[in-house]
Structure formats: structure tokens, C-alpha cells
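Over in Swiss-Prot, the protein carries these features:
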TOPO_DOM  1-13  topological domain 'Cytoplasmic'
TRANSMEM  14-34  transmembrane segment
TOPO_DOM  35-38  topological domain 'Extracellular'
TRANSMEM  39-59  transmembrane segment
TOPO_DOM  60-148  topological domain 'Cytoplasmic'
MOD_RES   Y91  phosphotyrosine
ACT_SITE  C134  active site, S-palmitoyl cysteine intermediate
TRANSMEM  149-169  transmembrane segment
TOPO_DOM  170-191  topological domain 'Extracellular'
TRANSMEM  192-212  transmembrane segment
TOPO_DOM  213-715  topological domain 'Cytoplasmic'
MOD_RES   S247  phosphoserine
REGION    289-715  region 'Disordered'
MOD_RES   T294  phosphothreonine
MOD_RES   S296  phosphoserine
MOD_RES   T303  phosphothreonine
MOD_RES   S345  phosphoserine
MOD_RES   T348  phosphothreonine
MOD_RES   T350  phosphothreonine
MOD_RES   S398  phosphoserine
MOD_RES   S409  phosphoserine
MOD_RES   T411  phosphothreonine
MOD_RES   S415  phosphoserine
MOD_RES   S425  phosphoserine
MOD_RES   S429  phosphoserine
MOD_RES   T436  phosphothreonine
COMPBIAS  442-478  compositional bias 'Polar residues'
MOD_RES   S529  phosphoserine
MOD_RES   S554  phosphoserine
MOD_RES   S621  phosphoserine
MOD_RES   T659  phosphothreonine
COMPBIAS  668-677  compositional bias 'Polar residues'
MOD_RES   S694  phosphoserine
Amino acid sequence: MPAESGKRFKPSKYVPVSAAAIFLVGATTLFFAFTCPGLSLYVSPAVPIYNAIMFLFVLANFSMATFMDPGIFPRAEEDEDKEDDFRAPLYKTVEIKGIQVRMKWCATCRFYRPPRCSHCSVCDNCVEEFDHHCPWVNNCIGRRNYRYFFLFLLSLTAHIMGVFGFGLLYVLYHIEELSGVRTADTMAVMCVAGLFFIPVAGLTGFHVVLVARGRTTNEQVTGKFRGGVNPFTNGCCNNVSRVLCSSPAPRYLGRPKKEKTIVIRPPFLRPEVSDGQITVKIMDNGIQGELRRTKSKGSLEITESQSADAEPPPPPKPDLSRYTGLRTHLGLATNEDSSLLAKDSPPTPTMYKYRPGYSSSSTSAAMPHSSSAKLSRGDSLKEPTSIAESSRHPSYRSEPSLEPESFRSPTFGKSFHFDPLSSGSRSSSLKSAQGTGFELGQLQSIRSEGTTSTSYKSLANQTRNGSLSYDSLLTPSDSPDFESVQAGPEPDPPLGYTSPFLSARLAQQREAERHPRLVPTGPTHREPSPVRYDNLSRHIVASLQEREKLLRQSPPLPGREEEPGLGDSGIQSTPGSGHAPRTSSSSDDSKRSPLGKTPLGRPAVPRFGKPDGLRGRGVGSPEPGPTAPYLGRSMSYSSQKAQPGVSETEEVALQPLLTPKDEVQLKTAYSKSNGQPKSLGSASPGPGQPPLSSPTRGGVKKVSGVGGTTYEISV
């Protein structure tokens with residue numbers, strides 16, 4: 001009966017149990033009302049006491065057999081039997097006391113039934129040690145309620161026998177009064193008791209045999225152990241004692257409980273969470289705990305609102321407040337950096353945007369270099385279309401920034417003091433400009449019009465190749481793509497950019513330049529160094545050409561003599577500077593000599609006149625032509641001999657700086673001169689061709705350029 005609470009109500013299944021209860025209670029009531037008072041007078045007053053105790057015992061066992069759980073197994077959940085539902089065999093065999101016992105798969109409850117378990121078709125449940133389904137008690141008889149059913153049968157049989165016997169005794173005492181009410185009622189009760197005694201007594205005897213043999217009604221009816229040995233029997237006495245005296249079996253079904261709603265009154269209200277302490281509940285593998293953290297609600301809300309896939313914050317901007325002279329250029333560098341996003345330029349990692357430049361200079365000059373590199377990064381990344389196209393060719397080579405220091409902003413020179421011996425980009429033309437009073441306006445025009453594409457080429461090639469080649473450091477304009485760089489629109493020049501990547505040999509050479517050998521010689525005049533046209537724009541080249549025309553018209557300075565070995569000298573002195581040598585960017589020209597024996601350190605030679613490397617074009621000067629001669633590539637300068645005044649010991653001391661491998665690179669790297677094949681620039685021209693360089697006479701030197709153009713330079 002406890003199993004049908006959740007199912008549809010069926011009145012038919014309550015008819016047998018209701019009839020049994022009515023007959024039991026009704027007959028006993030009539031017996032106590034009409035028969036027991038006479039028996040107490042004639043026989044003994046203990047008769048009604050006995051019948052009362054027996055009736056109560058019968059009624060108690062009847063109630064227990066009806067309302068008690070017989071031992072129902074709970075059904076498997078849907079997620080528990082997914083794997084076993086369709087692939088399970090019908091039977092499984094287990095061994096109990098050496099006997100094979102089959103377990104059948106229950107498709108309704110979705111598990112293998114244990115031994116002696118069967119599925120009740122009426123209750124629709126699998127019952128442990130299923131005996132039978134009794135309609136008189138409206139319940140299955142199983143392991144948990146079989147004891148009460150068996151006692152009910154025994155007590156009912158005894159009660160029926162007592163009612164029938166004591167009623168017969170009453171009739172015998174009142175045989176003359178058979179028509180009386182008491183005698184008639186006693187005869188009716190005897191008929192009912194006698195009617196139910198036959199089946200009840202037979203059922204009781206059957207179960208006594210089953211208990212003695214250790215079997216169930218289901219096993220006896222189906223004949224499971226009819227021809228064999230019952231593995232579940234323990235002997236007659238043990239079987240009886242197990243049924244009557246053993247402890248009750250556990251209950252597998254939980255008792256249904258209704259959910260209770262508890263209303264919290266004001267003394268039990270939850271306190272508000274304070275800012276100082278927040279309780280966090282943690283659910284991890286079914287374990288609850290409370291973790292107290294000292295965080296404010298505002299901080300927790302911010303943490304929870306942040307997405308897990310949010311981008312990290314940008315890196316902090318550099319603090320330029322402590323550097324003087326940089327605030328004016330901050331807006332320019334920022335605008336140029338933002339304009340690079342829309343251009344098709346080589347990808348550069350963000351970490352290099354504010355990377356300081358490393359050089360071989362002294363420690364005192366590290367801070368100016370780093371600050372200048374921060375601002376000139378955006379300038380050097382501006383690339384015209386021709387540079388972007390030419391960078392795809394395999395012949396593109398990286399070059400360092402070799403622009404003269406005069407191109408830098410004057411504020412840098414005032415704010416940061418550079419070591420003249422450690423700075424490798426100071427040109428000789430700037431020093432001569434200081435001696436001749438070169439105007440600041442022309443410097444500003446050159447700075448605004450000129451450009452240096454090698455700075456960007458070195459940066460772009462760092463992304464492409466990852467390193468700098470030694471020959472490209474020595475010959476920046478040897479690449480055929482250099483002409484395409486100058487043909488494009490010229491961006492603003494970088495402000496004091498210094499290449500942060502220097503090769504080992506270049507660092508060694510600069511170390512030698514920092515500590516040159518000083519030869520105590522007097523000030524002598526020397527030939528001007530060749531002009532580096534590869535780092536200048538078309539406007540500057542045109543200005544230089546105009547300056548050369550002015551030099552031809554002016555008379556030569558007194559005391560200037562031709563010295564063939566001073567063309568490639570890399571060290572000079574300004575008037576009044578004594579013997580303090582200074583390195584210049586034109587010292588790289590000395591490395592271009594085919595023999596590579598020109599020493600890096602030279603005696604101090606004064607320089608007069610306006611410089612060739614910083615000759616600017618005036619306001620009214622005409623625009624330059626489409627082609628400009630590259631005097632730095634003239635064979636007359638590359639074929640000059642070493643200065644005879646330099647001792648042999650100095651050459652031997654500086655000879656290890658250029659190894660035979662470097663000499664081979666120097667020879668092969670200059671197969672082209674001024675963008676022309678080597679055959680056109682040979683030392684011995686064929687008949688009918690003008691010589692590339694003529695001997696110097698009268699302080700005027702003739703130099704032939706591209707296309708047969710001849711230039712006269714006053715020396």
C-alpha cells in the first residue's frame with residue numbers, strides 16, 4: 001500500500017482488504033458483544049481477556065503487513081543506465097554457496113535483480129525476497145513484512161479457532177434457547193469463522209512449510225529448486241528463527257518529505273555586507289566553505305565587471321618632463337607615429353618604439369642618445385612609395401645612420417654635451433663651418449630640405465634581415481635601390497638619430513677613432529674630403545653644385561697646396577684647436593680605398609673655406625637637374641694614394657683593423673661607381689673618352705661625373 005500513493009487511485013484493489021477488515025472487526029465485535037458476557041459467567045472471566053489479546057495481536061500484524069514497506073528497490077535513474085539499458089544481456093549468473101543462480105535484467109527498473117528478487121506486476125516494483133502479492137492486505141509480501149504476514153496468519157488462525165470454539169461452547173449451554181438473540185448471533189459468528197478458517201488455516205500451513213524449508217512462495221510456485229538444492233536454506237530451526245527473530249531489513253526508499261518554507265523574522269535577518277569584510281562562499285566538489293576577505297565592495301565590483309579576455313593596458317608613456325628641449329618635438333613625433341598606421345610599412349614591434357639607441361660612445365652620452373632616439377623613431381619610419389617598393393628587392397641592404405651632427409636640432413647640442421671623440425657622426429664640414437662663419441639660416445634650410453633615407457633603411461632592414469652587413473655600413477649608396485630612394489618625396493630629417501645596431505668591427509673602428517695616435521706636426525693644408533652625396537637630397541646636391549660654381553669664380557686661398565694623400569682623411573682640426581683631432585663621418589671614405597691601408601688616425605689638418613658637406617642652396621637658387629653627380633664615387637678620390645707624411649709604424653699599428661676579408665669586401669663592394677658599371681669607371685679609359693679625373697693644376701681640380709659632365713673644384 002505505501003507504493004500506490006503516487007499513482008492513480010484504483011478502488012478495486014481496496015475491496016479485498018476492506019472485506020477482510022470488515023469481517024475481522026465485525027465478527028470479533030459481535031463475538032465480544034453477545035457471546036463473551038455469557039461465557040464469563042458460565043466458563044471463566046479469562047475467556048474474553050484471551051480473545052481480546054488475540055484480536056489485538058491479529059489486528060496489529062494485519063496492519064503491519066498492510067502498511068509496511070516490503071523491501072522495494074529504487075529504480076535506476078536515466079543517467080545511470082544509459083550504457084547498460086540496450087546492451088545488457090537478459091541474464092547474469094552468480095555463484096552462491098557453490099550453486100549458480102541467475103539474475104534477470106529488469107527492463108522496468110533498469111537493473112539486474114538480485115537473487116530471490118522479483119518484479120511485482122501489481123505494485124510495479126522490484127521487491128527483495130519477493131514472496132507474493134497478497135490482495136487481502138493490498139501489499140506485496142517481501143523480506144521486510146513477511147514476518148508480520150506470517151504472524152498474522154498464525155494469530156488469525158488461532159483467533160478464528162478461538163472464536164469458533166468459544167461460540168460453540170456458548171450454544172451448547174443455551175441449546176433450549178436457539179431462537180434467542182444471543183444464541184442466533186453466536187451461530188452467525190461461528191459460520192463466518194468457520195468459513196474463513198479453511199483458507200486461512202491452509203495458507204498458514206503452507207507458509208509454515210515454506211519457512212521451515214527456507215523458501216518463498218515465488219520460488220515454490222515457479223519450482224526453481226524443485227529438483228536441486230536450495231542455496232538459501234540454513235536448516236529448519238535457523239530458517240524459523242531467521243523469519244521470526246532476525247532484525248528487520250533496511251529500507252531502500254526514502255520517506256517522502258514535503259519542503260518546508262521557513263519565514264525569517266527580524267531577529268534572524270541577514271546583516272548587510274560591510275565594506276571592510278565580505279564573506280565569499282566557495283563551492284568546490286560539493287564542499288561549502290566561507291572565506292573572509294578584506295576587500296571593499298567597490299573593488300569587487302570592478303574586478304567582476306572586467307572581462308577575462310580584455311586587452312592589457314597600454315604601456316606608460318615616457319616621462320619627457322626632465323629632458324629640456326624635447327617638448328617642442330613631442331607633438332611632431334606623435335603625429336608621425338600615428339600616421340604610420342595607415343601606411344604599408346614593414347611591421348615593427350611596439351617594444352622598439354621607445355627603445356633607446358645603443359652606441360659605442362661613452363657613458364656620459366648615453367642619455368642624449370636615448371632621448372634623441374625616442375623622438376627620431378617616428379621620423380625615420382616615414383617612407384615614400386619608392387622605398388616601400390624597393391625594399392622588396394633582394395639587393396636591399398641595411399645601412400646605419402651616417403648623417404652629420406649638424407643636421408640635429410640646436411637644442412640637443414645645448415642640452416646634452418656630446419663627446420667629440422665618441423660621436424661617430426660628426427662631419428668635418430660642420431667644424432669648418434664654425435671657422436668660416438657659416439650662417440645659421442642656411443643650416444635651417446638644409447635641415448628643412450635635406451633628408452637621410454639611410455636611417456629608415458637601417459630600421460626597415462632590421463625587420464627584414466635582422467642584422468647589418470659590414471659592407472653596407474661602409475658603402476651605404478652602393479645598392480642600386482639608393483637612386484629610387486632619392487627620387488621619392490623627401491620626409492623631414494630625423495633629429496639626431498643614431499643607429500642602435502652596430503657591428504663588432506664598426507665598434508672596434510670607433511674605439512680606435514676615440515683614441516687616435518697623435519703625431520706632433522704643425523698645421524698643414526689638405527685637400528677637401530669628397531662630398532658624401534649619398535646621404536643628401538636633391539636640393540642639397542643642387543646647393544653643392546651652386547657652391548662649386550662660386551668656388552670656381554673665387555681665387556684660391558693662399559697656402560693651399562695639393563696633397564694627393566689627404567683626400568680621404570677622416571680627422572681634421574678647426575683653426576685654433578691645436579692638435580686635438582676629431583673624428584668625422586668622412587673617415588669611412590678612407591676605408592673605401594682598394595688597398596685598405598689608409599690609416600684611421602691622421603695628423604690634425606686645419607680646414608679653411610666653406611664646407612662641402614653643408615653647402616646649402618640660397619632662396620633664389622634654381623632647382624637642381626634630374627641627375628646629380630656623385631663626387632664621393634669618383635675614381636679620382638678612390639684611387640688616391642696614402643699620405644706620404646704618415647709614418648709606416650702608424651700604418652702597421654692600424655692595419656689589423658681591416659682584415660684581408662674586409663679588403664675583399666671593399667674591392668668587390670665597389671663594382672659600381674656613381675650607379676654605372678665598373679667598366680665605365682675604369683682607371684684607363686679607352687680612346688675617345690674623356691678621362692674621369694685630370695691632374696690638379698693651379699689649385700683647381702677637374703672631376704668628371706655621370707654622363708661625361710666635368711666639374712672644376714677649387715682646392
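Glycine residues also receive a Cβ, built from the backbone N, Cα and C atoms like all the rest.
What Swiss-Prot annotates, mapped onto the structure for a quick look.
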residue: Y91; record: phosphotyrosine; Cβ contacts under 8 Å, 6 or more apart: R102, M103, K104, W105
residue: C134; record: active site, S-palmitoyl cysteine intermediate; Cβ contacts under 8 Å, 6 or more apart: A65, C140, I141, F149
residue: S247; record: phosphoserine; Cβ contacts under 8 Å, 6 or more apart: none
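Counting Cβ pairs under 8 Å to the transmembrane segment (149-169), the stretch among 14-34, 39-59, 192-212 with the most such contacts is 192-212.
When pLDDT is averaged over the topological domain 'Extracellular' (35-38), the result is 88.
Tertiary neighbourhood of the topological domain 'Extracellular' (35-38): same-chain residues 47-48, 51, 166-167, 170, 173-174, 182, 185-186, 189, selected by CB-CB distance under 8 Å and a gap of 6+ residues from either end. Long-range neighbours of the topological domain 'Extracellular' (170-191) within the same chain, counting only residues 6 or more positions beyond its ends whose Cβ lies under 8 Å from a Cβ of the stretch, are 27, 30-31, 33-35, 38-39, 42, 163-164.
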